[in-house]
């Protein structure tokens with residue numbers, strides 16, 4: 001006989017240490033440790049938390065701007081690499097599953113980065129990663145486009161886990177691809193949750209997919225820690241506003257504004273089954289005879305050499 005389970009969800013709302021991946025990694029390890037001490041089963045961080053969202057991306061072009069971009073790319077994180085090894089160790093020691101936004105450095109060129117959502121198990125293993133499919137507006141000054149290899153759910157002891165970055169929730173089809181795989185716990189990684197659109201899209205996805213949504217919003221550095229050439233106004237929207245949403249679209253924890261904190265909620269899987277039994281858009285509430293949807297999850301290497309070798313470093 002199947003039984004409903006209980007799960008403790010957590011969102012780490014904190015600012016990274018900009019342009020310092022080692023210090024940011026140590027801060028993340030501390031937050032993972034704290035989550036473990038509080039009995040959290042799944043911990044979410046915001047979009048590109050390691051090593052930070054490029055909040056100055058809309059600034060006018062200048063030498064300082066270009067220098068910041070170069071430093072940003074140089075602080076990208078290899079997957080796998082020393083930083084992810086350290087995060088895996090922390091997750092294993094704390095017994096916590098982790099979903100963390102990462103500025104992922106492409107190992108092939110060493111000069112391109114992705115907006116990546118990295119999934120780590122409580123056993124200390126990398127479950128997978130999802131590279132943002134379409135960077136939004138001026139984010140394209142920084143991030144490359146990802147493919148669909150990571151558009152999948154992960155079987156965990158408490159249920160099925162998935163995640164998307166920011167306005168991927170607006171694209172609809174990526175979210176449906178995850179709903180069709182039966183997602184039950186979904187991480188919505190945002191640079192912030194301050195806009196009404198962020199909350200609207202996150203609550204809508206929770207209701208449509210019938211899953212819990214961990215909305216992880218980011219914080220920027222303190223005004224006194226701003227890099228040269230960047231105005232304080234750039235930080236106005238990085239106020240966090242992280243929250244946790246139930247399968248009926250109701251906010252059950254948070255939001256919290258402008259404060260470093262760990263937001264938690266103890267939830268039951270019963271709400272997932274009650275919601276999906278009514279309208280399961282990836283199952284009985286769909287019409288595959290009318291609509292056909294195909295996702296190409298094959299890898300897209302940048303280079304295939306004539307001798308047959310594939311440059312799979314990226």
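Every residue gets a Cβ built from N, Cα and C, even glycine.
Residues or ranges marked as domain 'CN hydrolase' in Swiss-Prot (evidence: sequence analysis): 7-269.
Take the CB of residue 47 (active site, proton acceptor) and look out to 10 A: across all protein chains shown you find 26 other CB atoms. Residues or ranges marked as active site, proton acceptor by Swiss-Prot: 47.
Close to residue 132 (active site, proton donor) in the fold, though at least 6 residues off in sequence, lie 114, 115, 116, 117, 143, 145, 146, 165, 166, 168, each with a CB less than 8 Å from its CB. The active site, proton donor annotation in Swiss-Prot covers 132, and the record cites sequence analysis as its basis.
Under the DSSP three-state reduction, residue 166 (active site, nucleophile) is assigned to coil, being neither helix nor strand. Among the features that Swiss-Prot reports, active site, nucleophile is placed at 166.
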